[in-house]
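**Q** Sharing a structure with you now.
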């Protein structure tokens, strides 16, 4: 095979170097120096480190390119794709890192932020939505479950399609689906429609993580890849902060909404659902101005489109740096024609439009499934197995503890509340007027004769084995209030929410219910404890130090050491959970755990991008991210079941998972100096 770098010509002129691929490019005249350098002698421009024997960065890059070219020459069996990888890396180095990458960074960061928001939306709206939609505990559990299951399906689906249809196109469709169905879910008045719309919304947003990292990595040169992919991870944290902050500001204010009779309710939690979709909308708008990944286009033999995009990247960056005279000199890029492209072209060129659409769709499904199966091929088998173990172990412990922390806080709150319960035994009240609220009380074997309960609230009140005779209940609002094994005679309930379900094994004699209020939305319990927002906000904010440190040291320490070290340190942190006897201790340990574990997440995502070739990158990321969501479902379900029962099992499970994942991570290859295949 002819050496692809044999005809590469490097010129020096005009104060900069440029290169042509495959054919000569006319060299610039020596006196064509830019106006910026006019009047300066070259001796005055001497590189500062030259006195200390430090090589110029351009000399280092030239040496790296020469070494790659030499390895390409010596390896006669080098494939076309390997040649493309080396050539593409050289082009990205010439394009530089600048305005284009930072613009794409913001646009894709907003998409990642939308994914972070999606994980919090249902958890924040449930306390209010359960009243509007009259949800049972099973229905609430299903809503929480469907978020991760839909994102799991979305990750697998869009990750596979992104390698065959295109990163940008798939990401735009996925975000559009998320925006449309998130909008519809805010207006859904029934549980079935709300569940269905959140399911489709989750399938849409599930594609963001696999596509975003694959997409962004293909615009980065090797020495910038680890750091800037880590900075991108910070947007997930920003999504959590945004969700917590906006929920805190909107949901408790129940006046933010309106109603049309009793059939249509639009309360503040629905406003929050709309506001939560703003990052996805902003990213979708931004993507309309962004190009497709040129690496994807080259993999699919679309040379001309890729060349135009690379020229756009080059010109945008150098213009922003004040060097518009710098010319994009690449004239030919290796773009292998694949058999898959020919197959699709032949199959889709015959038959009716419907038949052609069916053939294209069927062929696309086959290609996606074949790509998924190729992740277990001989050259990728061990990488896929190791990464699957690491993703699963990290997600199992991280999401499991993320549910366990707030549930434990609620449990401690409930225990503290129960410890303050007031018990009244054998009280006798006749002709008494209750004009004050009753809260956290138990009344046993009481007798209430000709008493009136008017315009009061009853919260967590229980009457046991008591007698009510000739009593009058009017304009009552109640929460967790029951009458158990009581005798009620000649009593009137007028305009109350005390219906039959609240009378357990009670004997009713001549009892009248008039204008009773029905509906779960009448519950007067505090709809949203501020603590739930505070815990989520602090947990998201605690990620910031770990994110910064991991980004700064991703290239210096290496991905493998960061993943392994962070997971093992996180495992050590879990043992401090045995000391979590208060709410403040749990919040502190949650912040510590989140701050350490984010470094592992950053490393995992960078390595996933670098281990797989471009034709399988998004597919692999999608499969592993889908596995992550499955682990999240298992972890959150298992850990939640032990709240209030024992701490030992959740702590030991998370410890074992983190240690296992950390040790496996240390077996991964170092990909710092690896060209993106």
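Yeah, the Cβs are placed from backbone N, Cα and C, and that goes for glycine too.
Unlike curated entries, TrEMBL annotations are predicted automatically.
Model, not experiment: these values are computed from the prediction.
The compositional bias 'Polar residues' annotation in TrEMBL covers 1-10. The region 'Disordered' annotation in TrEMBL covers 1-43, 57-80. According to TrEMBL, the feature transmembrane segment maps to 102-129, 141-158, 170-188, 194-216, 228-251, 271-290, 380-401, 531-553, 560-579, 585-607, 619-642, 648-666. Sequence annotations record features per position, and here TrEMBL assigns domain 'Major facilitator superfamily (MFS) profile' to 104-672.
So where do these features actually land, and what's packed around them?
**A** Proximity of distant same-chain residues to the transmembrane segment (141-158), defined by a Cβ-Cβ separation under 8 Å and at least 6 residues beyond the stretch ends, is recorded for 115, 118-119, 121-123, 126, 135, 170-171, 174, 194-195, 198-207, 209-211, 399, 618, 621-623, 625-626, 628-630, 632-633, 636-637.
For the transmembrane segment (170-188), the residues of the chain that approach it from at least six positions outside its boundaries are 111, 114, 118, 154, 158, 161-162, 194, 197-198, 200-208, 211-212, 215, 266, 270-271, 273-274, 276-277, 280-281, 283-284, 287-288, judged by C-beta separation under 8 angstroms.
Within its own chain, the transmembrane segment (194-216) is flanked in space by residues 104-105, 108, 111-112, 114-115, 118, 122, 129, 133, 139, 142-143, 146-155, 157-159, 162, 167-168, 170-171, 174-179, 181-182, 184-185, 188, 228-229, 232, 280, 293, 605, 608-609, 617-618, 621-622, 625-626, 629, which lie at least six positions past its ends and keep a Cβ under 8 Å from the stretch.
Through the fold, the transmembrane segment (380-401) approaches residues 148, 374, 563, 567, 570, 574, 590, 593, 597, 600-601, 604, 607-608, 611-612, 616, 620, 624-625, 627-632, 634-636, 638-639, 650, 653-654, 657-658, 660-661, 664-665, 667-668 of its own chain, all at least 6 residues removed from its boundaries and within a Cβ separation under 8 Å.
Sequence-distant contacts of the transmembrane segment (585-607) (same chain, at least 6 residues past either end, Cβ-Cβ under 8 Å): 209, 213, 225-226, 229-230, 233, 237, 387, 390-391, 394, 398, 401, 405, 408-409, 412, 534-535, 538-547, 549-551, 554, 559-560, 562-563, 565-567, 569-570, 573-574, 576-577, 579, 662, 665, 668, 671.
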**Q** Report, as numbers and ranges, which residues of the same chain sit near the transmembrane segment (531-553): CB under 8 Å and 6 or more residues beyond its ends.
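**A** For the transmembrane segment (531-553), the nonlocal Cβ contacts are 116, 120, 123-124, 127, 227-228, 230-231, 233-234, 237-241, 243-245, 247-248, 402, 405-406, 409, 413, 562, 566, 583, 587, 590-592, 594-599, 602-603.
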**Q** Pop the mean pLDDT for the domain 'Major facilitator superfamily (MFS) profile' (104-672) in here, whole number is fine.
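**A** When the pLDDT values over the domain 'Major facilitator superfamily (MFS) profile' (104-672) are averaged, the result is 85.
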**Q** So, do the transmembrane segment (648-666) and the transmembrane segment (560-579) meet, by the test of 3 or more Cβ pairs under 8 Å (sequence gap 6 or more)?
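**A** Contact criterion met.
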**Q** List, by number or range, the same-chain residues at least 6 past the transmembrane segment (560-579) whose CB is under 8 A from its CB atoms?
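**A** 390, 393-394, 397, 401, 546, 550, 553-554, 585-586, 589, 592-593, 596-597, 599-600, 602-604, 607, 647-648, 650-651, 654-655, 658-659, 661-663, 665-666, 668-670.
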**Q** Name the range, of those listed as 102-129, 271-290, 619-642, that has the largest tally of Cβ pairs under 8 Å with the transmembrane segment (228-251).
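**A** Looking only at 102-129, 271-290, 619-642, the most contacts with the transmembrane segment (228-251) come from 102-129.
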